[in-house]
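Only one structure is covered here, and it is reproduced in the block below.
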Amino acid sequence: MPDFSPVLPLTASSAPSSPPHHLSTKATSPNPLLPLYNLAANLKNPIPAKFKKAKPSLRLQRIKSKDESTAHDVTKLQTSFAILPSLKELRNRKWTVWDLQHAVTFGCLAFCLLITPSAPFLKSAAMGLLAVLLLMPATRQFFLPSLPIWVYLFYFFASRFIAPEYRPHIWVKVLPALENVLYGANLSNILSSHTYTILDIIAWIPYGLGHFALPLVTTVMLFLFAAPGTTPVWARAFGYMSILGVTIQILFPCTPPWYEGLHGLEPAHYGMEGSPAGLKRIDELFGVDMYTTSFTTAPVPFGAFPSLHGGDAVLEALFLQYCFPRFRPFFIGYVIWIAWSTMYLNHHYAIDLVGGGIIAAITYYIARTKWLPRPQLDKTTRWEYEYVEFGDRPRVALDEEYGGMGLGLLQRRGSDEWTLGSSSSFDSMSRGDTLCGSSSSSPNILSPTTPSDDHHGDLWSKVRTTSPRGLTGVAVGSEEEQREVYAR
């Protein structure tokens, strides 16, 4: 066989050198049968280990999406204060029908700025500060989902500046008539007819203290101990329900029970003072002015229907019992407690409480079926969650929020910050299902194909798309070749 070894001219630089001391003469001697033997013999490791073909093995593999490589864990908060990236994301954002919520929020805010006394410098500074807070990711994660709450508070106190000529008629006889028709008697008048100091204190605790403190307590509890993504849903539900309640009170003003006790059924007019009713006895008991002045000068003195005291209590109880079902009797007891206190202190009719409770129940139902993360009862705090599930309908999972008082925002494809995710049969292990999925999962759940639904998040809605922990695919290959990937 001819020798195909390359023939090179001998020069000083190309002259063959003596073999290395660790190679034997036999190993480096020419072999006419192996033309390239000399080159291979001088290589210590001719084929790197990573290119060696290993014995294939069948392994269950967790498939990972491309988004997961850059995503953080579901409990991490944003720390960036950069505004320019937020502006770019906002400019490129694809707006959907769910973005009408922002039109409602900012429309209500603009209405409040229009009716309040002129203060252009102060209003401009406030709007500029709000814009900065909404554009910085570190602050937006709190202020964007909680914005409906701040707008509600501004809306409530600014409503005093609505001119009387633009206000509707005040209804004096509607609620007492409904009370008698539905219940056969005026329950508020019956409960408030006999008062005792001990009952005053018992009624004051939920009505005068719990109503103002419990929303913050609920927010902290949901943030610390509920699934990540729960707090922003709660904040938006509370804010939008309150805005709706104040709007009804402005458009359909009705006198509360204390008006009937002071003025009978004579017509009411704007400009009349409000009344602390039974809370006046609390001021007299403690010798301080906690409620007399504030209720006398209330922005909405004829806002009996619906009762936001009742609506807030029902909404708080529904969210808390959903996340902490073991304490459901306690939450139900609190709703009954505050319902009794509002009628005992002569501030609301029973029909007002029913109206507020219905609005709260509808708000909660919409939030739960579409965006509320499912609690995992084996988890104690938010930091123990590795993934989250959303809503009642099985869909490909999407997670996370960004904590705090309004906190994070999750979304399904084609929706906005309200849309905080959906559920998947792949991530149902938290509900006691099998390792490979729920009992109703497809038999092909371990197929090597990846789900085709793509879910994209953007910086403005602060969506981080991650995937559940469930096993969603099969990988065949060596141990070195296998990589963890998350299914999109």
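Cβ atoms are placed via backbone N, Cα and C, with glycine included.
Bear in mind that TrEMBL entries carry predicted annotations, made automatically and left uncurated.
Checking the ranges 123-139, 327-343 against TrEMBL, the transmembrane segment annotation falls on 327-343. Model confidence over the domain 'Phosphatidic acid phosphatase type 2/haloperoxidase' (231-368) is summarised by a mean pLDDT of 93.
With a cut-off of 8 Å on Cβ pairs spaced 6 or more residues apart, the transmembrane segment (233-252) and the transmembrane segment (327-343) reach fewer than 3 such pairs and are scored as not touching. Within the chain, the transmembrane segment (349-367) has long-range Cβ neighbours (under 8 A, six or more residues past its boundaries) at 175-176, 178-179, 182-183, 186-188, 233-234, 236-237, 240-241, 244-245, 256-257, 304-312, 314-315, 318-319, 335, 339, 342-343.
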